[in-house]
Structure formats: structure tokens, C-alpha cells
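Feature annotation from Swiss-Prot assigns (6S)-5,6,7,8-tetrahydrofolate binding site to Ser110, Leu111, Leu112, Pro113; the stated evidence is sequence analysis.
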Amino acid sequence: MTKLLFMGTPDFSATVLKGILADGKYDVLAVVTQPDRAVGRKKEIKMTPVKEVALENNIPVYQPEKLSGSPELEQLMTLGADGIVTAAFGQFLPTKLLESVGFAINVHASLLPKYRGGAPIHYAIINGEKEAGVTIMEMVAKMDAGDMVSKASVEITDEDNVGTMFDRLAVVGRDLLLDTLPGYLSGDIKPIPQNEEEVSFSPNISPDEERIDWNKSSRDIFNHVRGMYPWPVAHTLLEGNRFKLYEVTMSEGKGSPGQVIAKTKNSLTVATGDGAIELKSVQPAGKPRMDIKDFLNGVGRNLEIGDKFGE
């Protein structure tokens, strides 16, 4: 039985780990995941999804803040693993660890060489891609630059957002990994180098990138909101306060970008660079998320045609 170290953090990773454990061909010696974090308004300490799966299966868990140079790194290197599998781990693996095992592969949620980095699904949706996917790749010291072992693609529809794509790609990645590993370990599957001329990057989303640019097209803003949902969530300003947009649809109309151009009891339409969007689900500053009807009948009741978002 092949002995593995598994490294990952979110639900995407947990789905992959569950698949490995259910497959029965691999012995997961240990799991490495990010430290427990305080989440939500109450700042409650929460385990990562991968840690939860590991504990349910009595697998030792390591949670270094930074793996490189940590005592945990030295401990991991003494376990005698044959290889490493990572999926959305969130840290670079030290070269000495990579060199201590027979193989190290990563389940990356993009069709490499496009979208190397930590937010490939976000950028695929924001940029209006028609498909996303998963690449199984060998790990090297350079980020997401290793040779590609296998790929699988998935259509992106207008109904998709980061959450739906994460869920679908986790299952695709799990199945692709389990289909690929036997042939890779036997040498029947030969990894292929990435074409460096086709490389693009998807770094972690910065706070500035969450902000809506109302001068952009309706399609771009629609994609932007979907590409930020359910996290980190797109936002704009309303009367100088942060105003989050969870769901919008493309609409028609003309006006100055960011300007309210239509309002009823149940709908609110805002002008964009080439048309308009209709707001569906929002969160005003200091309030919970709400649908647009509740907003317009509550804190947004004084909003008028001609008022501007983004200011």
C-alpha cells in the first residue's frame, strides 16, 4: 500500500482526502493543514475541513503556521512516506521535503498553465471563461509550475459562482486523482511540461479587487459579483459606506455608471458602463444580508433615482 502525506485545508481538499481514504489503495500517514482560525462575528475557533476528516479517521494532524523551518517538517520527514498529495494547502512545500519522497503531486483547480496561484476559480469566473478544470501536476519549488500528469475540464455557466464551481471541481479533482494515480505510479502516464508562453496567474484576491468598478460592462460586473461569491464578496460604496453585492442580474437601461436608474418596491436597477444591472441580494453596512425587496422596504427606502453607488 502506497504511504502518503496529505496536505490541504478547505472543503475542496476534504473532498479529495475522503476519496483517497475510501479508495483503499493508500495509507495516509499524516495530514498537514492550516492552523485553526477564529471565524465569524463571534470569532469562534474552527477546525479546517481537512482536520475534521483526519480526526474522524484517526489520522495524525500537523498544523504549522509555516511548514518551512518548523519542527513539524522534521517530524514529517521521519514518517517514511512514499509520496505527497496536496490540494489547496495554502503554503509552499520546502524543497527538502519534496526531495525526501518518491513523488509529490498537487490537485490544482485550473487548466494549467492558465491560472497558477491561489484563486484560480475566482479569476476564471471574473474573466468570463467558458470552462474551468482541474490539473494533476507534479510539485516543484516554483508555484504551480510542475509537469502536468492529467487534466479534466468543466463548463462554467451563468448560474455558476465560486461556491458551485468549488463543489463541482472538488469532485472532479477527487475522481481525476484516483483515476490518475495508479498509472502515474506505475510509469504508464508520462507527465507533460507546461507551455511557459501560455502561463497566467491568479493570486489571492486583494481587498481592492473586491470593489465594483461601475464603468465596466454589465457582463463584467455580473461576472465580478459571481467571481466573488460566496467569498470574499464584491462590494461598492453607498453614501460613503461599504455595501456588499451577493447577487445581481444583467439588465437594460442607460445612465451614469453607478447611478440608480429604476426603482420599484421589489427591484433596483443601477447603470453600468454599457447598460445596467439589477441588484438581487445585498448587505448594507452594519446589517445582515437581505434580498433587495427587504432592503428597499427598510434601510434603502429613501434611495432615489439618480443616487449613486460607488461614492
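Even glycines carry a Cβ here, placed using N, Cα and C.
Taking the centre of the Cβ atoms of Ser110, Leu111, Leu112, Pro113 as the (6S)-5,6,7,8-tetrahydrofolate site, the nearby residues of that chain (Cβ within 8 Å, site residues left out) are His108, Lys114, Tyr115, Arg116, Pro120, Gly133, Thr135, Asp144, Met148, Lys151, Gln194. The 10 Å shell around the Cβ of Ser110 ((6S)-5,6,7,8-tetrahydrofolate binding site) contains 25 further Cβ atoms across the protein chains shown. Most other Cβ atoms within 10 A: among the binding-site residues Leu111, Leu112, that distinction falls to Leu112. Taking the Cβ of Pro113 ((6S)-5,6,7,8-tetrahydrofolate binding site) as reference, residues of its chain lying under 8 Å away and at least six apart in sequence are, in sequence order, Gln194, Asn195, Glu196, Glu198, Val199, Ser200.
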